[in-house]
Structure formats: C-alpha cells, structure tokens
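Q: Take a look at the following structure, please.
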Amino acid sequence: MDKTISVIGMPMDLGQARRGVDMGPSAIRYAHLIERLSDMGYTVEDLGDIPINREKIKNDEELKNLNSVLAGNEKLAQKVNKVIEEKKFPLVLGGDHSIAIGTLAGTAKHYDNLGVIWYDAHGDLNTLETSPSGNIHGMPLAVSLGIGHESLVNLEGYAPKIKPENVVIIGARSLDEGERKYIKESGMKVYTMHEIDRLGMTKVIEETLDYLSACDGVHLSLDLDGLDPNDAPGVGTPVVGGISYRESHLAMEMLYDAGIITSAEFVEVNPILDHKNKTGKTAVELVESLLGKKLL
C-alpha cells in the first residue's frame, strides 16, 4: 500500500460504562504507533483526536449517552469521509466500539459493496430491545446494518451502510439471545472460537477472503477483546478463551498479503485496566502486521 496513513483518535468512552477507554488513542500512540509506521516507510499524518463534548452529557431515557455518542460519531464520520476523499488510508483509534458507527458512516458512502471484518469477542448486534445494558458499544454493527435507533442508523443521511451478507465476524464467544437470533435469520458469516479452534486461523482467513471477494472495499474493525485476555488484558469486556496473539498476527499478515483492507479501526484499549500498556503495544504490533511488517 502506497497511500498516506491518516491516524484519527476517537477518545470516546460514552458507549459503555467503564472509564479509561477514552485514553485508548493516547495509549496506542504512546506505544510508538506513528514512529513505527514511519520506520516501515509509510507517510503518516496524525490528525489528532476528535473532540468529545462532555459538558452536554445527558442520558437518553432509552440509550445511554445517546446525544453525546451521536455528536461524536458525526464528527468522526466527516473526518473519515475527508480522508478517503483525499485518497488516504483512515486508521481510527478508539475509544469504545460505538465509534464504528461513525467510521462506517464515513467510509461506506465511498463503496458500492463494502465488506466488513468484525474481529471481536462480541457480535455488537444489539438494539434497544435486545440489549441487556443499553450501552451503545454493543450496537454499532446492528446500527450500520440499518437496525436500531433512527438517529444512529441515519447518521450521514443514508442507511444501511452495509449488508449482512458482506460481514464476517471473527472471534465471537459472547452473544446475547437477540444477536444469535439475528445471525441465524440473516445468515451472517460468523466464525466463533469453536470454528477457529477446529479449522485454524489460516483456513478462517482464506474462507473470509473468498467470501468477501466481490466487495469493492473491506473495512477491518478490530476490538482488542477479540484476543484472549492473557494477551490483551486492558479491555472493558474481556472474555476468556479468545484468539491468541500469534493467531491474530497471522490474520493481519494474511489480510495484508491479500491487499483487501481499505480502512481500519482498533478499539477498546483501556489503559486503566491494562498492565504496563501491554494492550496498547499489542494494538500497535497488530497494526504493523496489517500494514505489512514481516520478519524477513
């Protein structure tokens, strides 16, 4: 890839209840993201952080912090849209996973058939009716598919952003009942940890590449809780039995070799819950693999 990489920080923590994930972009930068990508030969521009207005935080009676989450994602969508218009590669740093609403709103308008790889322990397919918590970080994939609160679904004036047949979830091991029902009804492609253990990551990525081969762009949305908590402890909703560090690098390396990733976000790094920024460092190392770093 010869595009300029545009790094966008999104210090959003209002899509969930645990403080600290707003420091995720800083933790990833502190692990030398910009320097290490520059050392790989990339032109990197750091566009700073999207401002989050905390003075007007107000819990909607239906969804927690709806207005603030919506306002932040509107700004993010506009920033991502501009980066893509300039023919650059958007790399978004979270922040909780609700930021994917803005990333995809700014990205999908540039593609007729955008594919999405959702690398996550969770489905993030909840709605107000199915969510046990009301936290919007459990809803971004549903919202992007056109399901959920009207104001979120219609961000940037169009919906849906993506189609269920163009989504692959990798690493799922914690799904709510409503999410399981939607997956079965829609036929969405999901690789749970059972499939990853049985098939191996090489086969999973090979099948994913084949499945998304008709897409004209592919967005990677990587939640660090997709990894096992032993490898990525600094996340808000850890689930044991996750994808290993090495399996994750293999996945990123294969995606780079295929040349299909056109945008990416790395989310849910929470340095307050981390150990010596281990998860922030892991995020940087996975970005490097996604963008082509190899031993030889």
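One is the number of the first residue shown, and numbering goes on along the chain from there.
Every residue gets a Cβ built from N, Cα and C, even glycine.
Note that the structure is a prediction, hence the values are computed from the model and not measured.
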Q: Among His97, His110, indicate the single residue that Swiss-Prot lists for the Mn(2+) 1 site containing Asp120, Asp124, Asp223.
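A: The record-listed residue among the candidates is His97.
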Q: Please state which member of Asp49, Asp176, Asp197 Swiss-Prot lists alongside His122, Gly123, Asp124, Leu125, Asn126, Ser133, Gly134, Asn135, Thr237, Glu268 for binding substrate.
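A: Swiss-Prot lists His122, Gly123, Asp124, Leu125, Asn126, Ser133, Gly134, Asn135, Thr237, Glu268 binding substrate, and from Asp49, Asp176, Asp197 it also lists Asp176.
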Q: With His97 (Mn(2+) 1 binding site) as the reference Cα, tell me which of the binding-site residues His122, Asn126, Gly134, Asp176, Glu268 is the closest one.
A: Glu268
Q: Within a 10 Å radius of its Cβ, which of these binding-site residues (Asp120, Asp124, Asp176, Asp223) has the fewest neighbouring Cβ atoms?
A: Asp176
Q: Please report the DSSP secondary structure of Asn126 (substrate binding site), reduced to three states.
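A: Coil, per DSSP.
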